[in-house]
Structures are given as C-alpha cells and as structure tokens.
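What TrEMBL lists as domain 'Mechanosensitive ion channel transmembrane helices 2/3' is 102-138. TrEMBL lists 139-202 with the feature domain 'Mechanosensitive ion channel MscS'. Taken from TrEMBL, the feature domain 'Mechanosensitive ion channel MscS C-terminal' covers 210-294. Annotated region 'Disordered' per TrEMBL: 313-345, in sequence order. Under the heading transmembrane segment, TrEMBL lists 47-64, 94-116.
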Amino acid sequence: MKILADVPHQLPQVLALFAPHEKLQRFLYNLSDRFLDELGNFITKDLPQLIFIAICAWLLVRLLKMLTEHIIRVAERHSASGSRLSQVRTLSSVIRATGIGIIAFLAILQVLPVLGLNLGPLLTSAGVAGVAIGLAAQTIVKDCLNGFLILIEDQYNVGDVVKIAGLGGTIESMSLRKTMLRGFDGTLYVVPNSQISIVANSVRDFSVATLSISVDFSADPDKVIAVLKEVTMSVRQDPAYKDLYLEDPQVLGVDSIKGSQVIYLIVLKTRANQQWGPQRETQRRIRIALEKNDMLPGDPLRVYNDGRQLAIGTAQHPPQDPARPVVDPTTVKPPEINPFTGEGL
C-alpha cells in the first residue's frame, strides 16, 4: 500500500513527459487519480471479500467431495451386492454434481454485489421474466423429476447395459437432467431423462447368454448333446471362469431344423454383465470339439438325403418310374416339321 501512496506524488512528473499541455495534464491526472482511488478501494475492501468467498466455495466443494467419497468407501465395505454399490456410486456422483452447481450459484450471488452490481433490479426483472422462462423450462423440470425417480427407484446405474429411448449401450454417466449412454459402436448418446419411459436392463442381478450351435443333420443328436455338455462343463470348471457362473450351463437340446442344419440351444447364467467371457470361451471350445468329432456345421439351404435319390412328385410332375430308363433331353432329336403345312413329316 506504500507504493500506491507514493504514486500520486510522482504522477505529475510522469505525466509531464507524455502530455506537455497543462489542461491535458490535469485531465490525465484527475483520471489517473480517480483510477488509483478505485484500485486502492478494490484492493483494500473488495479483493479480500472475493478471496473469502472463493475460499469458502472451495472448502464447501472439497467437503462435499470428501463426504461422497466417504459414503462410497462405506458402501464398498458393507455392501453385499454389486448392484447396491453401483447405486450408491451413481447417487453420490449426482449429489456431488448438483451440490457443486448450487455452491457455484450461491457464490455468484455473493460476488455480484461486491463488484457493484445491484441485485434488486435484477431480481425484479427475473421475477417478471420468470413466467416466460418457466413455460420454456417445463421440459427441464420434467427431465429433473424423471431423473429423480430413476435414481430413487434404482432403474439403472452407471456401468449397466441397458436399452432406453430405443438406444442400446452402457450407462457412462447420469444426472438429474440427462443420461449419457455409450453405444456398442462407441457413439455417445445424450438422452434427456424425460424421454425415458421404458428401461430394459440387461445386467440386473444376473445375465443370461443363449448360444445357438449349428450342426449338420447327419450327426447323431445324442452324441452332439453329449459333446456340448462336456465342453460347457469344462468351461464351468475352469478356474478363470468358474467364479462368474451362478449355476451350471444347460444344454436344452434340439431347437429347430432347417434343411440340413440342426440348431442346439445352450444357456449360460452368470453374474451381472459377466457373460461375455464364458460365452466366447464356450463357443471357441465347441468349435474345436465339433471338428475333433467330425461334426460339420449345418446348411439351411441344403436338404439332407443320406446319399439316396428322393422320389418326390406332384400332380403335374409324377415321380419317375424306376423301370423306365431315364432319357437325357439334350440327346433327343426334335421332330421334323413341314414349313409350309406346319405338320410333322
């Protein structure tokens, strides 16, 4: 502050160097003197208040983050299910984001009067425009209300694989107003919560993977089922995958027959969102096992006949008589016709 006090005494000499005219010197002196007074008032009065407001806001944000992190740590120690822990993490992130927004809004309300902005006329004009803003903000209110219900009802959490608003993917983040959905192709979708009416959650409590295995019609179904059971149980007992299963795999048997293709169904029940590893490993081992047992994949466009000729006929095309020799139509000579009468010769 001693430096600011010495500046007015040195200012006339400085201005004389840049403004030789006396009136211009007085104008610049008054202008600079007023600026220095305001700068001094800002440094001595306003700046400490701004620093105090900033420190209080920062401390509140830090306290809020510490509180939410403590809640998550407590949930990690005492939560028995992964879904409950995921719900706590989601609620904590929403509370933290909402709290930071409220703290920032209150800090701005405290900073504006310090900077000389009168909030009275501002609040009055905001009240007049509040009706119009409220009508325009109906969608935002619906978003926040629906987001609150989604959190309270625990419809989905961060990390869940869901289908909402016709879009499928993994929940990346969520707030009271919107849900961030990462699609299976990597696309990030921002979905307003008011547009979420039906939620299909694929990882709640447990996950199920259904495998459709195609085998040729010539393979013995009992042998195929035995091979599939052996392979699925080998994956079930593998130390790398056994903790992911909730129950033994089920080979349901023949599901459909199309042409020479026979479809066998296998059902794997695993922990929530943990079906991908066992599913891929099971399919890999099935591929190897079928090849070892000379079991080929089926073809839905080919009819299996076991090497025998099929006697299939209709009213217009009766089946061929076995006693009658088959004539190659390409070797039959066409009848001769008189070009003048159109009759055969």
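Please read every residue number as a count from 1 along the shown chain.
Quick reminder: no glycine exception, Cβ is built from N, Cα and C everywhere.
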Six or more residues out from either end of the transmembrane segment (47-64), which same-chain residues have a Cβ under 8 Å from its Cβ atoms?
95-96, 99-100, 103-104, 106-107, 110-111, 114
DSSP-derived helix, strand and coil totals, residue by residue, for the domain 'Mechanosensitive ion channel MscS' (139-202):
18 helix, 26 strand, 20 coil
Treating G and I as helix alongside H, and B as strand alongside E, what does DSSP give for the domain 'Mechanosensitive ion channel MscS C-terminal' (210-294) in helix, strand and coil?
36 helix, 28 strand, 21 coil
Restricting to the domain 'Mechanosensitive ion channel MscS' (139-202), what is the model's mean pLDDT?
89
